[in-house]
Structures are given as C-alpha cells and as structure tokens.
Amino acid sequence: MQVEVDLPNHSYHIKIEEGCFSEAGDWVSHLWQKQMITIITDSNVEILYGESLVNQLKKQGFTVHVFSFAAGEASKTLEVANRIYGFLAKHHMTRSDGIIALGGGVVGDLAAFVASTYMRGIHFLQIPTSLTAQVDSSIGGKTGVNTSFAKNMVGTFAQPDGVLIDPVTLKTLGNRELVEGMGEVIKYGLIDDIKLWHILEEMDGSIDSILDNALAIIYHSCQVKRKHVLADQYDKGLRMHLNFGHTIGHAIEVHAGYGEIMHGEAVAIGMIQLSRVAERKNLMPRGISQDIYNMCLKFGLPVHYAEWDKDVLFDILSHDKKASGQFIKIVILPQLGSATVHQIPLEEMRDYLEK
C-alpha cells in the first residue's frame, strides 16, 4: 500500500507494507544519493532495529552514524536536541546529507525538529516503529520538543522525504505501548472516517485483534491524516480537527509528568472529558461521549485521570497553541465520523475541566 502526499512545495509517499523494513536500505537509495546519514533513535529501538538499518544502508554505499538517546518522553527537549546538533557538527553533516528518524513518536518529533533547524534545514526520512507514530506523528510535517510549560511548545513545520511503515514492528512493542496508539486511531474514526469506526466496532479489543487489523487501521488513519494535511498544511483550519481531545490531553501529559501518562492515553481521556461537557452544553448529540468511553475501555485505554486538578490543568492549557488572546479553539463532533472547530472564551475551558 502507498499513500501519496502531494503538497504544493513538496511531495512524498508513505509506504505501508508488512516486512518492508527489511528493504529499508533499498528504499532509501531510491530517494537519496549516496551521502552521509545520521540515524536518530532511542535506546530501546536501537537494540531492536539499529544494526539492521545500519547494515542495509552501508550495503547501499551510505556513510552511516547513529545517535541514540534514553527512551521516553522526558528526552524530547531542547537539551537533547542541542546534543544532537553537536553530534551532527562533529561528524561534519552538511545540507546535502540526511537524517533518518527510527522509532516512535518521541524519536520522530525530535529528529524532525533537529533536521528542520540544523543549518536551517536538512533532508530527513521517517521510519516509525510504534502505532502512534505510524498512524499520526510521522505524517504531516509537525515537529517539536516539550518545555516545562507545554507539550510541543517549540517546533516547526517540515515535511519528510518519505515515510516507511512496517506493521510487523508493532509485534515488538509492549502491550501498553501498542494500546496507547489506539487513542489516535479511535480519534481518526471519530473525526472523519466512519468506515474506520465500524472496523473498530467489529474488533474485540484484544492485542491480537490490533495486530491482525494493523494494516487496515494504519492505512485508514494515514488517509485521514493525508486529507487534512493537504487541505491545511499549517494547521489553520481543517487540520485542527486532528486536535480532537488533545487540548485536555496535552494538559494531562504535562501535569502527570512527561512519560507518566502516554500520549494516546491522555488523548483518550481528553476526548471523553471534552465530549461529556460538550453534550451538557448541547454542542454535541447525547450519547457520543458514551460511545467514545466504551470504545476506549474495550481496547484497554484509560478513561479516567486519578490526579485531576482542574485549576492546575487550566493553567497548563492556557499555554496551548490553540489559544489566541482570550479565546481558544476546541474540536467537537456534530456526529460520529464528523468534526468541526468551535471557538470559546479561554475562561470557559474551566467548564470543560469539571468532572
């Protein structure tokens, strides 16, 4: 399967195929000239896939370096980015060279941020190995690092030269790491793909059902992401639909401490909380929040956040990128499979944090 992303100033393809990681070197050689490559990965993924990718690339004639950092959301910082800049400079990486992001969402966001800012931008590729990265963060060109104030507070828009997705890599994830990716998959069904939602309804929620249906849910998710990115590359209109559940979700991630609540888990809680309040305000049809709750519960996603503190959460989300002056934009669902953006006074977000 292949998904084409044809933007006005840059086009690339997303290759989705079981077992395609074993052909990654050949894939890269068709996209890039023989040059220097730095693979950016984390301590977990390096053990699983680092040596294989290095050998494949060297076989194709590339000069290869590897930068690995401690796995986890806590590494997605400007401090780690600065260490990578130093590594690239030490190895004399130039604008004719390239970076490959090999790993999950943290690796992809951080590596893409570095690629987009080092020497004002060098080429990069994404090889995502987690479900969250395969369906969401590796696609669309958003890069970023976290700060103590907010998630992804510092970032850029930069498109990769290609994305290689091998669903087989999901088999090496722990159960929690696999399940958290379903938070984003469920979101896609809710905002713009009723067929995907029906696929999820037919699944029994087990780990085996996720792995057995991985190719289909990844493909559907990539198609939804592609549609929104093509229509709104810089997140000013339609693409904002992809933020459903993320305003509250990101606040939960910051409040809990990066990595304590995984991204997809926080999004699941955020979607449920926002939908319940939106229903009470008659902005969404009754029953959708229960549908979301039931779906998240079926797949083993958390549906509550035990450390809920509405005042602290409000202070955190006041730094959200969707805030503008004294207003903030939220995403609501007129019906299953459809989304719209609704602007409210920032102060009204306190209502959406009421349990």
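The backbone N, Cα and C atoms fix where each Cβ goes, and this holds for glycine too.
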Can you find which of E184, E201, E202 Swiss-Prot lists as binding Zn(2+) at the same site as H246, H263? E184
List the other residues in this chain whose Cβ sits within 8 Å of the Cβ centroid of the Zn(2+) site residues E184, H246, H263, in sequence order. T132, D136, G183, K187, G245, G249, G264, A266, V267
Taking only the Cα atoms, work out how far D109 (NAD(+) binding site) lies from H246 (Zn(2+) binding site), in Å, as a whole number. 16
Distance check against H263 (Zn(2+) binding site) for the binding-site residues G105, V107, L170, keeping those with Cα within 10 Å: G105
Between T172 (NAD(+) binding site) and H246 (Zn(2+) binding site), the C-alpha gap once rounded to whole angstrom: 27
Fewest Cβ neighbours within 10 Å, where candidates are the binding-site residues S130, T172: T172
Set of same-chain residues at least 6 away whose C-beta sits under 8 angstroms from H246 (Zn(2+) binding site): V267, G270
